[in-house]
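Colleague: The structure follows.
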Amino acid sequence: MTVGLLYNKNKKESVHYVKLLTEAIVEISRRESAGREIWNVIDSADYRQDSAAASADLLISIGGDGTFLKTAAIAILRELPVLGFHLGTLGLLTEFEKNDLEKTVLRLVKGEYVIEERMTLRITVNDGEKNVFEKSAINDCVLSRGTLSKVAYIDLYINGAFVDTYPCDGIIVSTQTGSTAYSLSAGGPIVEPGNDVIVITPICAHYTDGRSIIARSTSKIEMRLCRPHRQMYVTADGYASMQIAPDAKVVCERGADKLRIIRIDPPNFYEALRRKTSERRARIHNEE
């Protein structure tokens, strides 16, 4: 068994825990197999991250949810399961923390875990002639204005049917996984895992009834600019972004690929949500 460790090598804490994880994986696999099968570890600092994943049977993300999303994007392409080791300020996707390191590695080596599947979004931007942007997203697709303060007017369509024109700063189209990310900050609903839906949330809609819409996962969501705007951007999962033309069409629909998350313990979504949010508040106050 080969494990790929993906992390930000510029963060000292991540580098420190990579060393501890590597030692634990090798030692525990040796002990549990009586030396017959010692697990191999690939450190992504020694390779390009996608190259490290090419030889791995599973991936471990070391960091916060941002690092997990980037690792998960690679895992989806390689059809690999991913386990999240939490070092960030808010980790709803990551599975284990510093105090659980050896216990988690032991259960991983012994095969005492389940695979939880999450849906993805397929995002395409068409300029009227061809697709100029194609990405998969685990959390969300965001169509938003840039630095200009001018309001954007966005037409929303679901399965070809016109829904409304939204005067707003943008619209977030998210998966269930993304319902606790940017969509939640914009006033969107929290969706429990296991419900494959698409959540559509306007950002700062300029009227009181600009509420979220929950659509079926099989729905096709289209967004178009009702009025020209000089600075409009589409962003996938917060890091893949491009400026779009005034006549472009943004389409979001269920992706063919699924994210496979390794769960050591049966997930308690609401406990994790409450605990992680409380931890974030405490850390912010301590930093002050």
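Including glycine, each Cβ sits where the backbone N, Cα and C put it.
Features from TrEMBL:
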BINDING   ASP65, GLY66, LYS70, ASN139, ASP140, LYS150, ASP169, THR180, ALA181, TYR182, SER183, LEU184, SER185  NAD(+) binding site
ACT_SITE  ASP65  active site, proton acceptor
Colleague: A 10 Å Cβ contact count, applied to the binding-site residues SER183, SER185: which residue has the minimum?
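Modeller: Taking SER183, SER185 as the binding-site residues, the minimal 10 Å Cβ count falls on SER185.
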Colleague: Cβ-Cβ under 8 Å from ALA181 (NAD(+) binding site), same chain, 6 or more residues apart: which ones?
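Modeller: For ALA181 (NAD(+) binding site), the qualifying residues are ASP65, ASN139, ASP140, SER174.
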Colleague: Rank the binding-site residues ASP65, ASP140, ASP169 by how many other Cβ atoms lie within 10 Å of each Cβ and give me the one with the fewest.
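Modeller: Across ASP65, ASP140, ASP169, these binding-site residues, the one with fewest Cβ atoms within 10 Å is ASP169.
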Colleague: Have a look around LYS70 (NAD(+) binding site) and count the other CB atoms within 10 A of its CB, chains all included.
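Modeller: If we count other Cβ atoms within 10 Å of LYS70 (NAD(+) binding site), we arrive at 20.
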